[in-house]
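*Asks:* Taken from TrEMBL, the feature compositional bias 'Basic and acidic residues' applies to 1-10. What TrEMBL lists as region 'Disordered' is 1-45, 599-624. Under the heading transmembrane segment, TrEMBL lists 58-84, 96-118, 178-207, 227-247, 268-291, 330-348, 418-440, 446-465, 477-494, 514-534.
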Amino acid sequence: MTPSSDKELNGLDNPSFLGEEESHYCSLPDRTAPGPEEGRGTGHGSSKLAYTVTDMPPLYLCIFLGIQHFLTAMGGLVAIPLILSKELCLQHDLLTQSHLISTIFFVSGICTLLQVLFGVRLPIIQGGTFAFLTPTLAMLSLPKWKCPAWTQNATLVNASSPEFIEVWQTRMREVQGAIMVASCFQILVGFSGLIGFLMRFIGPLTIAPTISLVALPLFDSAGDDAGQHWGIAFMTISFIVLFSQYLKDVPVPLPSYQRGKKCHFSPVYLFQIFPVLLGLSLSWLLCYVLTVTDVLPTDPTTYGHLARTDTRGDVLSQAPWFRLPYPGQWGVPTVSLAGIFGILAGVISSMLESVGDYYACARLSGAPPPPKHAINRGIGVEGIGCLLAGAWGTGNGTTSYSENVGALGITKVGSRMVIVAGACAMLLSGIFGKVGAMLASIPTPVIGGMFLVMFGVITAVGISNLQYTDMNSSRNIFIFGFSVFVGLAVPNWASKNSTLLETGIIQLDQVIQVLLTTGMFVGGLLGFILDNTIPGTQEERGLLAWKNSHKGEADNFQLISKVYDLPFGIGTKHSAVSWFRYLPACPKRLPGGKRMDELKAAGEESSVKASSERHSEIGADTRI
C-alpha cells in the first residue's frame, strides 16, 4: 500500500491509501467481455476493473458496495459535528449532536447525487470538509461567540430551554450565513472556468503547508478527548493501526453467491476497507463491557468516567425514529464579514483538493482524464453543495472524499451507479434519527483516539505534496518550514493578544482576528507569496512533476463524451443551442452543432483543425 501520490492534493478530508496494481479486492461476478469503448484510451489499466464508470453492475452489488462507500466515509462525516459541538456550546446536548450528524448525512447524500449526475460525473462521494472546520473554529473563538460559562456545566444545561436553544442556534446561524456567502465564490470560480487560472500560481509549496495546518491546530481538541481516558484512547488507536497497517493484507473468508459457482467463500479484505469503523466498534464494545461490569468509575468527577457508555447512552432513547432535515431548521442564517473571509480560505483549499481527487478518481474508475469543462462543472456543483450545506445547517461545507477514491482501487468497481446507491444510503441514514443518535453516543476517549490517528494522517498527507519538489533545495526547505512555523506561531499569539489587534472598527477587528487565528490561511498565504516571488525553476518548485503526474492520453473521444457529457442529452441532443459552446462548464461545440470529439471520432481531424483555426474562441487549449 502506498500513499495516493497520483492526486494533486492527495485528499484533505479523509486520507486513505490506494491499492497497488496487484492489490487485493473482493471477489466480484464475472461480466461479459468489455465493449469496444471500455478499457481503451485511458492508459490506466481499466481492463483490470470489474466495472468501469459507465457500467451498470447488478442491483444487489450496487447496494452492497454503495453501503460500503457510505461506511467508509462515515468516520469523517461523524467527526465534524462532534468537533463543532464544543464551540457551538452543545457538548452536553447529545440529542442536538445527533441531529447535526443526521443532517450532514442527508446533505452529503444530496450533494453526492448532484455531483455524480450533473457535476464531474465521476464515482466520487461528497461530504463535510476539515478545510472549513479550522476557520469555523476561529470564527467561533471570537469574544462575541464564546460559550457562556453555564453551558459548560452539565447540571446547569436544560437542552429544551429557549435560552439554551438560542445560545447555540445563534452561533449555528452565523456559521450558516458565512458558508452560504463564501460558497457563491466557489460557484463563480467553477462555472466561470477561473479554477484553471488559479492553478497556474498554486503549487505544492502552497498546498503542503495549507493542508498540514488544517490538522495541526486540532491537536488540542484531540488531546483533550483522548485524555479523558488514555487507556481507552490508546486501545482505539491500537485497533485502527492494527487493522489498517498490519492486517490489511489478511483476507476474511465470507460466504458469497455467483452463478456457476453457487454458494462459496470469497476472500474479502475487511481490515483494509473498514479499519476505522472496526476499530471504533471494538473499542465501543469493550467500553460497554467495562461499563456493565463497573470497572470504569461511576462518579462523574473521577478520571475516566466519560469512557462509560451510559454517560451518553440516553440519547438513543430520546431520538425520534424518523426526522427529516430541512433548510432553515435552525432559523434564518445571519452574515458577518469576518466569517465570510475566514471560510473563503477553506473554500480555496477545498477546491484545489477536489481537482486532485477528480484525476485520481478518473484513473481508478477506468475513465479518461477529466476535460476542463467537467472539472469546471464539478467545482461549480461543489459550490452548490456548500450552499445547500449552509442552508440545511450542517455547520460545514462539502468536498470530494479521497477515502472513497481509495475504495475504488480496492474493490475494482468504478461504476457511478454504486455511488448513487451510496448516496441513497446517506439520505436514508439522515432521515432515520436513531442512526445519528447511536453515533453521537460513542464514548469521548474513543473519539479522541480516532482523532489522533485521523489528524496525524491529514498532516502527513499535506507534507506528502513535497514529493513533487526538490527538497534538496534550500529555497524550498525555507519556504515550507517558515510557512508552517509562522502558521502555528501567529494564530497562537493572535488568540492570546486580541486586544492589540483592535482598530476601533468592530467589523474590521473581527476579520483580522479570524484570519490571523486561522493557521491554514496564514501558512498558505505565506507559502503562496514566497513560492511566487523567490526565484526558482519550474522543476525546482515541483510544478513540472505536479502537472506531468496528471497528464494522460485521452484518444477515445467517444468515451470522453459518454463519461463527462451532461445527462439526458442536455447540451447535445436537447437544448443544443449555439451559445452553449461558450459556457466553460459545457463541452465545446463547433458551429453547426457538431462536437469536436464527434468530428475526430469520424476521422475528420483535418476539419477540426481547419475549423479551430477559423474560430479562435475554440483554441487548442479547450479541445477535448
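Numbering starts at 1 and runs along the chain as displayed.
Glycine too: its Cβ is placed from the backbone N, Cα and C atoms.
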*Asks:* Residue list, the transmembrane segment (418-440) vs rest of chain: Cβ under 8 Å, 6 or more residues beyond ends.
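*Replies:* Same-chain contacts beyond the flanks: 51, 57, 61-63, 65-70, 73-74, 78, 82, 94-95, 97-110, 112-113, 116-117, 123-125, 312, 315-316, 318-325, 404.
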*Asks:* Which range out of 96-118, 268-291, 446-465, 514-534 gives the transmembrane segment (227-247) the most CB pairs under 8 Å?
*Replies:* 268-291
*Asks:* At an 8 Å Cβ cut-off, counting only pairs 6 or more apart in sequence, do the transmembrane segment (58-84) and the transmembrane segment (268-291) clear the bar of 3 or more pairs?
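*Replies:* Result for the transmembrane segment (58-84) with the transmembrane segment (268-291) is yes.
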*Asks:* How about the transmembrane segment (446-465) with the transmembrane segment (268-291) - do they touch, taking at least 3 C-beta pairs under 8 Å (6 or more apart in sequence) as contact?
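*Replies:* Judged by the Cβ rule, the two regions touch, with the required three close pairs present.
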